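If you look up TrEMBL, you'll see 602-614 marked as compositional bias 'Basic and acidic residues'. Taken from TrEMBL, the feature region 'Disordered' applies to 573-614. Residues annotated as transmembrane segment in TrEMBL: 21-46, 58-76, 88-107, 127-147, 168-191, 197-217, 315-336, 356-375, 396-415, 435-456, 477-496, 516-535.
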Amino acid sequence: MKSDQDSSNMKGKGGFRAASFVYALVSLENMGFVANMVSFVLYFQLQMYFKVSAAANTVTNLMGSTYLLSIFGGFISDTYINRFKTCLIFGVFELAALLLMTVQARYKDLQPSPCGKSSCLAGRVAVMFYASLSLVAMGTGGVRGALPALGADQFNQKDPKESKALATYFNFLLLSSTLGATIGVTIIVWVATNRHWWPGFLISLLATLVGFIFLVLGKPFYRLQLPGDSPLLRVIQVIVVAIKNRSLQHPSSPEELYEPEDKESSISTDQKIQHTEQFRWLDKAAILRDSNTKPAPWTVCTVTQVEEVKVLTRMLPIIASTIILNTCMAQLQTFSVTQGYYMNRVLGSFEVPAPSVPVIPLVFISILIPIYEFFFVPFARKITNHPSGVTQLQRVGVGLVLSVVSMTVAGFVEVKRKNHDLTYGKPVHVVWLSFQYGIFGIADMFTLVGLLEFFYKEAPVGMRSLSTSFTWLTQSFGYFLSSIFVDIINSVTRRTTHSKRGWLDGKLLDENHLDYFFWFLAILSLLNFFNYLYWASWYKYKQENVSSSADGICWSTNAMCAPQSLSASGVPLFKEPDDQADQNEARKTRTTATNGNGIVGNDEKSTEEANGKS
């Protein structure tokens, strides 16, 4: 994948000025998206006449589909059209979905009548309803697949200052999302629940439209990546060639594996990835059978191409280890909203809408992100010499621990809510939900940003949109898993309990055992955390070509030059040469462009074509 990052042509482009337009879209689009997602569980119950569990499952399935389709958006922007155009195309789908929702909520004849079943949708009402949800999933998912990477492209990882700023970009990306969501779950939700549903959807539509206008206005300032070869095709080529060459012996030295010289290669030196020892069977794809044979894509792969597949393979356990956390998140957007509906929501003379309860973690995050960025990161950076203060995997680990605490607390809060109703005959105050929401809000702050930065930095250059979409993929699987858990738990407990009723099978919340479900997730999350520790210890960070520095040699673009390497659990962030001889050999065998200050030049060749074609 090429870029337009030439210093002479890119003067004034990129950086936080360009990223600010991305922040604007994230904030305005998320304003409507989050407001709708937290409102849907009540909208489906009160307006579309779903049962509690059916409404919750419909929301989690919608969220799961949305995040799953982000993979499609990431693939498109890496392969066929640039990330900017991808956002605009999928934005059209998102706007169309919000328009359909507004129209259906506005007219009674486009809504179902009560029927007493789990779902009362039929005919044209069902078609319009599911068409709007499908468009939401397609549009929002596609935008999320390309937008974070578009903003991250504005920071050159080969420039130490910009590489350091990349972590800040992801922190402020979450802050922008959080601020928009805060407005959404307060103002938009209040309008929807106290006035009518359709004005709430209309405000979401207008806010999202304005967000995309901001994105278009920022086009002159963007560094745009041109799409390259299909990342999936490159992966398939490695697997196919490795299977073809399975009978070949490994060479005595990795230096014998195929990696063309710079003048013969389609990628620059700085994009090349060093050989690693993990998954050695894939190295057979880089064995040239006959030195006299001209290399071809389906007969031999480069070391870099093989290492790209290794990077993606190493990511798989990390992806799997964060799914349960997102299953826990799904409960706060569904069952906890229903909890809030049955609680005392009066603050002074104002009654808080139940879907506005998630504002609690949003407020926590909005306060904590600046504290984290301006106080914790500089302090931690002095200790670890890591540009982000702590590694991405360490940050994710903290979030996983806090998710266990949040679900445990949520179970006790549900017990308190039910007992208070029985003892005093009146609902407990909604402020009790602040404990589980607040703790999980902090967990989300650590995990979401950690994953976005991890997947972007670790990804090969041509797969960064697809890779950052893995963050949303874990959320997708988490939401789908929530629906599966609800169905399985209902099925099992329906057969094993004396009442012959599932834990979550009642139409009213007081008829359910939501506390048991929360504790079930807490135990599962604890087991998942230990699983994550193993894979975080096993993971080896991507190694790229050596770069010069005033202080020595850096062997990774994911960290500043530092005297020692740090990781989530003792695994080096970057592999240093064993001795001075190795360092000297590295200088001889690898070429790196540096300026007078020892700063590595841009990792990608520039071209005016990127702006011309965009």
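Backbone N, Cα and C define each Cβ position, glycine as well.
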Touch test for the transmembrane segment (315-336) and the transmembrane segment (88-107), at least 3 Cβ pairs under 8 Å: no
Residues of the parent chain within Cβ reach of the transmembrane segment (168-191), under 8 Å, 6 or more residues beyond its termini: 16, 19, 22-24, 26-36, 38-39, 148, 151-152, 154-155, 199-200, 203-204, 353, 355-356, 358-359, 362-363, 365-366, 369-370, 372-373, 445, 448-449, 452-453, 456
Contact between the transmembrane segment (58-76) and the transmembrane segment (396-415) (at least 3 Cβ pairs under 8 Å, separation 6+): no
Contact check, the transmembrane segment (435-456) vs the transmembrane segment (21-46), 3+ Cβ pairs under 8 Å, seq sep 6+: no
Cβ-Cβ under 8 Å with the transmembrane segment (356-375): same-chain residues at least 6 beyond its ends: 34, 38, 168, 171-172, 174-175, 178-179, 181-182, 185-186, 189-190, 332-333, 336-337, 339-340, 345, 430, 433-434, 437-438, 440-442, 444-445
Interface check, the transmembrane segment (21-46) with the transmembrane segment (477-496), three or more C-beta pairs under 8 A: no
Residue numbers, six or more beyond the limits of the transmembrane segment (477-496), whose CB comes under 8 Å of its CB atoms: 53, 56-57, 60-61, 63-64, 67-68, 322-331, 334, 502-505, 513, 517, 520-521
